[in-house]
Amino acid sequence: MIKVAILGKPNVGKSSLFNRILRERDAIVSEKAGTTRDIKKREVSLDDDLEEIVLLDTGGLEERDELFNKVKEKALEVAKEADLVLYMVDGKTIPDEEEIKYFRNLQKLGKHIILVVNKIDNDKMMEKVYDFYELGADEIFPISVSHNRGVGKLIERIKKFVPKKPKTFEVSEFEQEIPLEDLLVAEENEENLEELKEIKVAIVGRVNVGKSSLLNALVGEERAIVSDVDGTTIDPIDENIYHDGWNITFVDTAGIRRRSKIKDIEKYALLRTEKVLEEADIAILVIDAKEGIVELDEKIGGLIDKHKNGVIIVANKWDENAEEFHKFRKEVYYRFKYLYFAPFLAVSAKTGRNIDKLKDEIIRVYKNYSKRIPTATLNKWIEEATIRHHLPTDIGGKEVKIFYATQYKTKPPTIALIMNRNKLHFSYRRYLVNFLRKKEDFEGTPIIFVARKKGEKHEEA
């Protein structure tokens, strides 16, 4: 699989081109220089007949401070790994010494480089392109990402570097044909198997609690750029690892600031965090063990509760003794009452303490999150629960009955109670949830009950 890297100074349109190729708004795009600070990696198919490519969007190459020096180093490292480099420039400006210097350094790597001159919005601006010939590029493509001008030609050029998919045999080439229904069953079973082995994990928390450091520790290499600057990571960075037979995808989300401090790009990041939680199976809520729990931590926990993710609470930067751990653990469950079912783990991304244990915990919580209870077993437990603690009567004093129960969804486990009423008092629902937790390992996952009167659609109890 070939790698195509997009490089250039901040605000020349790298993320916009990245998104155009992906055909979706994935990277956060802003007029603020240096919006994309981390290396983003996506696999994309440019044509059905071609193999997929790995598209890499790098941070802007501008030498201003320590953070951007790190970004620059990362971008150049990516260029070394890439098979094709798209070096983007702003067609509305002229190349300066710094830009020429970067381009010369890239040429020394011996990579095939396409110079992409962006913001050439019309034919009159084509003369601007000639200013960039002094860079000595082998190929120059004038484009306008915002006007979708010339992008198609650029993609066609990229395709020339992509190998074709290996030829596949037609069914007729086999001596024995396989019945269509068998193929469909096999495909369905394969999809189910893949689903059972895929976990999507969102790493969430407020700014500078160590989410990027935790991601790097989990993945085993420095993918997210780490800095003491608040909000260093803006875009989510997807990284996959294989652990104990499972494919785990980590998404390192932008830190959430207090609302009074949210401006411009942080608003995008907040929305992206919500989006990631919607798509994720498991949320890792990262809190700073040294700073302790603040109100914003609780609000972020509320987002997890809202989206009904499986959850693990992680205290990062932990270096205290066992006695302090138990005190802090008690405070965690006091402040996060609505996440009382979440396991709590103290880790150190810096030293690697409990990182492997966290990986194991992700798998365990996901198994609970996707668990299905056999109907016979579930009804046995519900019957036992109602015998131990009778159902409350309704407002009119009439008896409330549960005829039977069935789990109709997983992720999270969702159970329908078929009743003579379509509502169940919240206190009894809580009792049933706690009863089930004693019978089965549901740590890390919410359990949802819906009350359904015979003949009616599901409604949340």
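The backbone N, Cα and C atoms fix where each Cβ goes, and this holds for glycine too.
The domain 'EngA-type G 1' feature in Swiss-Prot is assigned to 2-166. Feature annotation from Swiss-Prot assigns GTP 1 binding site to 8-15, 57-61, 118-121. Swiss-Prot lists 199-370 with the feature domain 'EngA-type G 2'. Per Swiss-Prot, the feature GTP 2 binding site maps to 205-212, 252-256, 316-319; the stated evidence is sequence analysis. Positions annotated as domain 'KH-like' by Swiss-Prot, on the basis of sequence analysis: 371-455.
In the three-state DSSP reading, Ile120 (GTP 1 binding site) counts as coil. For Asn208 (GTP 2 binding site), the spatially nearest entry among the binding-site residues Gly8, Asn11, Lys14, Thr58, Ile120 is Thr58, judged by CA separation. Considering only the binding-site residues Gly8, Asn11, Lys14, Thr58, Ile120, Trp318 (GTP 2 binding site) has Thr58 as its nearest partner by CA-CA distance. The closest partner of Gly205 (GTP 2 binding site) among the binding-site residues, by CA position, is Thr58; the full candidate set was Gly8, Lys14, Thr58, Ile120. Cα spacing between Lys14 (GTP 1 binding site) and Lys211 (GTP 2 binding site): 25 Å, rounded to the nearest whole number. Take the CB of Lys14 (GTP 1 binding site) and look out to 10 A: across all protein chains shown you find 31 other CB atoms. In terms of C-alpha distance, the listed binding-site residues Gly8, Asn11, Thr58, Ile120 place Thr58 closest to Lys211 (GTP 2 binding site).
Secondary structure of the domain 'KH-like' (371-455) per DSSP, as helix, strand and coil residue counts: 28 helix, 20 strand, 37 coil.
Across all of the domain 'EngA-type G 1' (2-166), the predicted model scores a mean pLDDT of 79.
In this structure, Lys211 (GTP 2 binding site) is part of a helix by DSSP. Residue environment of Thr58 (GTP 1 binding site) contains 27 other Cβ atoms, counted within 10 Å of its Cβ in all protein chains. A sphere of 10 angstroms centred on the C-beta of Lys211 (GTP 2 binding site) encloses 27 other C-beta atoms.
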